[in-house]
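Input: a single structure, listed below in structure tokens.
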Amino acid sequence: MAPAASRLRVESELRSLPKRALAQYLLFLKFYPVVTKAVSSGILSALGNLLAQMIEKKQKKDSRSLEVSGLLRYLVYGLFVTGPLSHYLYLFMEYWVPPEVPWARVKRLLLDRLFFAPTFLLLFFFVMNLLEGKNISVFVAKMRSGFWPALQMNWRMWTPLQFININYVPLQFRVLFANMAALFWYAYLASLGK
């Protein structure tokens, strides 16, 4: 085969890689929705922590290596908490407040912002405290100092994103949409943990 033809074939295969990856993701999403969302959430949560560490390292001009335990904590949190729980919460919301209900968009947003957001944040602080091996007094101290500022930041950042997510993003993609936005949110939360 001529070098030019070989190069064209490789370039064609590389261009089709995103399409194949998307097709594979959609297939997994169809047959294994909870597992697919859990794995996606775990990976993206760990990437959010990696982003936080890189930002902190650059700001402090720190030469230390990355903290692998932080990456693992966020991976575990996304894999076992955020991914599966979000899957079921979005299903619950779809069932409890169907789109045809009057004021459904507003009701869904209020349910998410006033109930789900504080609950998820409380769960985040609790699980991270456990994964860090810290006692309950450390958890209580973090809740006193960090919960309210984090919840206020959550409401500012997530309210427009969640309005779009819960009202316009197809149900099967809501966890992924939230996970993509959460890359930056987890970077913020990781900075609070320091």
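Quick reminder: no glycine exception, Cβ is built from N, Cα and C everywhere.
According to Swiss-Prot, the feature topological domain 'Cytoplasmic' maps to 2-30 (among others), an assignment based on sequence analysis.
Sequence annotations record features per position, and here Swiss-Prot assigns transmembrane segment to 31-51 (among others) based on sequence analysis.
Within the model, the topological domain 'Peroxisomal' (52-74) shows a mean pLDDT value of 83, rounded to a whole number. Among the features that Swiss-Prot reports, topological domain 'Peroxisomal' is placed at 52-74 (among others), with the record citing sequence analysis.
Sequence annotations record features per position, and here Swiss-Prot assigns transmembrane segment to 75-95 (among others).
Marked as topological domain 'Cytoplasmic' by Swiss-Prot: 96-113 (among others). Taken through DSSP, the topological domain 'Cytoplasmic' (96-113) splits into 11 helix, 0 strand, 7 coil.
The transmembrane segment feature in Swiss-Prot is assigned to 114-134 (among others).
If you look up Swiss-Prot, you'll see 135-172 (among others) marked as topological domain 'Peroxisomal', on the strength of sequence analysis. Beyond its flanks by at least six residues, the topological domain 'Peroxisomal' (135-172) meets 29, 33, 90-91, 93-94, 99, 104-105, 108-109, 112-113, 117-118, 121-122, 125-126, 129, 178, 181, 184-185, 188-189, 192-193 of its own chain at Cβ-Cβ distances under 8 Å.
Summarising the annotation, Swiss-Prot assigns transmembrane segment to 173-193 (among others).
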Tally of DSSP helical, extended and coil residues in the topological domain 'Peroxisomal' (52-74):
16 helix, 0 strand, 7 coil
Who are the chain neighbours of the topological domain 'Cytoplasmic' (96-113) in space, where the CB to CB distance is under 8 Å and they lie at least 6 residues beyond its ends?
155, 158-159, 162-163, 166-167
